[in-house]
């Protein structure tokens with residue numbers, strides 16, 4: 001399949017579209033700024049309360065007449081541009097495919113050679129997030145502002161979290177082979193000028209986010225303007241890039257516990273012990289992009305294995321080459337111990353995105369300029385990106401669309417096929433956006449017999465109003481039909497002579513319903529959950545005890561307790577914190593107007609990550625290895641991102 005790299009089939013239509021949008025944009029921008037000036041966020045309200053001279057109100061009163069005059073002057077040009085823009089949308093393609101062409105063999109092509117479908121299994125990491133990159137006036141309805149700056153910061157945080165150096169912990173003690181849950185922290189020392197991660201001698205040091213330079217020793221802000229300096233994607237999966245931490249049984253005696261003093265008097269939250277402010281996170285320095293000093297390091301980074309006694313005379317862990325195994329090999333070792341023995345996989349609230357993130361699905365990337373900024377930042381890690389997904393005008397749907405679908409997909413692996421469908425059954429405000437589903441087929445490897453190993457991913461955003469359960473169920477029905485059609489239309493295999501082997505089938509996105517509200521019973525019992533497994537769900541209306549909500553209470557986004565990834569992580573690990581800062585379903589029979597009656601559960605989990613256990617290659621199975629609720633985007637969105645790591649094991653792997 002030929003992927004679309006431009007929104008229009010020829011340069012003439014593209015040029016005409018640029019001219020028409022240039023005529024519309026001044027009016028669009030003025031309307032957005034004018035409306036935004038009358039919708040303050042809680043952060044701005046606090047600033048105004050501390051402003052005795054009321055300078056902000058004075059500026060608003062001064063500039064409002066100017067904006068109105070400019071708006072009236074721009075209306076004729078906007079009308080003329082609209083006359084050209086609207087009919088052009090019938091020729092517009094449903095997405096834009098972006099790939100960094102100068103990758104050569106350093107990017108996705110090299111990843112395809114890592115797994116041949118034999119021997120040890122292969123893990124794949126998926127993440128989904130609603131980032132609320134709406135026009136600024138609309139984002140303020142959700143208590144968010146400064147969409148352009150947030151887009152850049154979101155991209156930097158995701159890139160820095162996914163590109164973290166891989167950390168492997170080995171225990172020299174023959175008796176103590178476990179690490180306490182409190183010691184799951186970022187156990188890396190600052191990298192040297194050559195970008196090589198240094199082993200930590202003696203004691204273990206927590207590293208704050210400002211000390212981490214994720215892109216080969218460069219500061220994340222150094223390439224904010226023009227994207228990555230070298231143009232190469234970050235590859236954190238090679239053993240040479242691993243940061244080795246050895247805990248000696250003779251010297252250390254035991255692993256560090258949560259209450260152990262930290263060298264230098266550094267605060268336990270990894271923030272250097274400084275005072276916490278209420279400044280929004282997207283106004284911080286580029287280096288403050290998600291704490292690496294969190295006690296919630298991903299298990300992909302913190303691989304636990306037992307080291308032998310044959311340490312080299314130099315005492316350097318890097319000298320023992322036998323320790324540099326691939327993560328998938330070490331994680332399947334019999335000596336591996338889970339943090340949650342009562343669960344088939346690990347789960348956590350993490351302060352940053354998982355290391356070695358392979359696939360990213362985002363929702364509500366509506367603003368075009370914000371989408372471009374976000375894409376440029378994500379290209380520092382992901383080689384393949386689909387953005388500006390959706391339709392405009394009256395194309396594809398019965399009602400006029402002012403916004404696209406808001407979906408964005410990023411991948412480290414090559415994309416083979418793409419399909420997009422717009423939901424026709426929408427109403428109210430959702431009818432103005434072309435919300436739908438994006439279906440992708442990616443290649444993740446090849447067998448020695450030249451059979452392609454592929455995976456299927458679907459990203460969607462369902463109808464938002466909570467009372468419209470019937471509309472969401474209809475969209476879930478369409479989603480299932482489109483999933484089956486996409487698998488059928490893109491499959492080139494036959495049962496007798498398969499050309500492709502399916503490794504995984506994942507569905508994710510913002511479903512806008514939860515599994516604990518009595519008002520969402522219709523969606524909770526949908527047949528989609530019989531074909532795809534939800535790792536957080538026990539059954540309709542019944543969540544696993546560790547699952548938490550992914551929708552934040554927008555009134556508390558800028559509170560000191562949750563304004564940083566570390567702080568939000570600590571809050572969400574306690575039941576009281578979840579009750580205060582997560583959104584909970586409200587009962588229709590609430591006795592007092594405006595009062596929330598908190599129901600069972602740990603908040604509204606409306607962001608889902610599902611995977612199929614059937615329809616894969618025979619003798620292969622995909623099992624959840626870890627599941628994470630991520631706080632790295634605190635202050636930048638009103639949703640918690642979620643991530644899932646799947647281990648795809650072949651029949652040749654030992655049980």
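Here the Cβ of each residue, glycine as well, is placed from N, Cα and C on the backbone.
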Request  = Would you mind telling me which one of 236, 291, 589 Swiss-Prot calls phosphoserine?
outcome  = 291
Task = Identify the intramembrane segment range according to Swiss-Prot, selecting from 44-64, 65-85.
result = 65-85
Task = Tell me the residue counts in helix, strand and coil for the topological domain 'Cytoplasmic' (32-64), as DSSP assigns them.
result = 23 helix, 0 strand, 10 coil
Query = Cβ under 8 Å to the topological domain 'Cytoplasmic' (1-10), counting only same-chain residues 6 or more beyond its ends: which ones?
reply = 17, 88, 91-99, 388, 415-418, 490
Inquiry  = Within the same chain, where does the topological domain 'Cytoplasmic' (32-64) have neighbours whose Cβ lies under 8 angstroms from its own Cβ atoms, ignoring anything closer than 6 residues to its ends? I mean 6 or more beyond.
reply    = 71, 135-137, 140-141, 143-145, 278, 280, 555, 557-558
Ask   = If you draw a 10 Å sphere on the Cβ of residue 59 (S-palmitoyl cysteine), how many other Cβ atoms land inside?
value = 11
Request  = Could you list the residues of the same chain, at least six apart in sequence, whose Cβ is under 8 A from the Cβ of residue 364 (Mg(2+) binding site)?
outcome  = 130, 131, 132, 133, 134, 406, 461, 510
Query = Across all chains shown, how many C-beta atoms besides its own are within 10 angstroms of the C-beta of residue 512 (site 'Important for substrate recognition')?
reply = 25
Task = Could you find out if DSSP has residue 364 (Mg(2+) binding site) as helix, strand or coil?
result = strand
Note = Mapped onto three states, the DSSP assignment of residue 639 (active site, proton acceptor) reads strand
